[in-house]
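Student: First the structure, which I've put down as structure tokens, then a few questions once you've had a look.
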Amino acid sequence: MLDLLSRVMVTVLTLMCFLGIITNFLSLYIYTRRTFRKKSINVLLSALSATDLSVCFLAIPVFASTQLQQWIPPEVTAMIMVYLYPFTIMFQSMSVWLLVSITIDRYLAVCHPFKVNTYSTRNRALVTVGVVVLFSFAYNAVRFWEYTINFDVPEENRTIEEMVIPMLRANPHFLLWYQNVATIITQFAFPLVVLCVLNIQVARTIIRASEQRRELVASVRREHSTAKMMIMVVIVFLVCYIFSFVLNVLEIYDTRIFESAFGYFLNDINNVLVVVNSSCAFVFYYKYSTRFRNQARTLPVIRWFASMSKFNVYNTVVTPNRTMTTTLKESIITIRGNSSSSRLNSTHNLLYKPSYSKPCDI
């Protein structure tokens, strides 16, 4: 039963990976356009899309290889586990810390708007991306020595279990202090605390502005809309990564938990959640960002999808009903009956017509 469920999970994971590859490629293409490259938030979002795209690319061979052992030579599966798996963890780490960087950027933009032009610049965003990349590679480089491949196993007896030999993984101190304690602190606990605290402050500021019903200039409303978008991305991240956090804590108390069929199944669930987190950000970009949505609608893929779903986002035909027709006729009669009065009223209305701010465009 667990084996069947694991195969279902791998199938879902593969489909989500293909979806994530498409959506993250579209996001990366849009955020690297010339009109988007000027703002720090778009630099960070393009980097996040690139890392999520890499996670989805690598997740297919890394996470699905264990279920495809009967079709893939054991040598190939062994090299995937030993050499590609560390890169997957590196890109996951980049995704986590880029999300933290974006949250800090949104916190400054919403809660400290007078400081945002000083700290949230394009050059600082590029430096932040570089620091995150270097830290992620440096911290996870040791994972290349977690396992080694034994090519001396006779071909008739070659299996993954026989070929992939633990190196650092066989060291209990490595498992305890690096794999569990250090990883929990750097990849889960500290980022989660920062994300929760800053996003709560951002949400409070947005709610307070709504309750006061003050007129916000377009630039402030853009920042608030982008902050709402990132709050939704963070919520999905928290939901998807809390399970991984729980598994790491369980591994501290039971180091052999992932050597059983049930442990494999739990790991499959965790892998699916990781890919879901890396695949669904496009939905929130499209919903909350007007500029992103307008750019996306010009792409052939989105236009094709809209035509296939019989949804036209460009032309909307409004059919007049009886009430609209009657009101129109009454207006015509009134204007014809009292043309001078209507002209005076028209001028008066133009003078005192309230001005509405432009729609939010981010």
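Backbone N, Cα and C atoms are what each Cβ position is placed from, and that goes for glycine too.
Whatever TrEMBL says is automated annotation, not expert-curated.
What you are looking at is a predicted structure, and each value in this text was computed from that prediction instead of being measured.
Okay, these came from TrEMBL:
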- 12-31: transmembrane segment (TRANSMEM)
- 23-285: domain 'G-protein coupled receptors family 1 profile' (DOMAIN)
- 43-63: transmembrane segment (TRANSMEM)
- 83-104: transmembrane segment (TRANSMEM)
- 125-142: transmembrane segment (TRANSMEM)
- 176-198: transmembrane segment (TRANSMEM)
- 229-249: transmembrane segment (TRANSMEM)
- 269-288: transmembrane segment (TRANSMEM)
Student: Would you mind listing the long-range same-chain contacts of the transmembrane segment (83-104), meaning Cβ under 8 Å and 6+ residues beyond its ends?
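Tutor: Distant contacts of the transmembrane segment (83-104): 41, 44-45, 47-48, 51-52, 54-55, 58-59, 61-62, 125, 128-129, 132-133, 135-137, 139-141, 143-144, 146, 187, 191, 194-195, 198-199, 202, 230, 233-234, 237, 241, 274, 277-278.
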Student: Would you mind listing the long-range same-chain contacts of the transmembrane segment (43-63), meaning Cβ under 8 Å and 6+ residues beyond its ends?
Tutor: 10, 13-14, 16-18, 20-21, 24-25, 27-28, 31-32, 36-37, 80-81, 84-85, 87-88, 91-92, 94-95, 98-99, 101-102, 105, 122, 125-126, 128-129, 132, 268, 271, 274-275, 278-279, 281, 285
Student: Across the whole of the domain 'G-protein coupled receptors family 1 profile' (23-285), what does the mean pLDDT come to? Round it, please.
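Tutor: Here the predicted model's pLDDT, averaged over the domain 'G-protein coupled receptors family 1 profile' (23-285), is 89.
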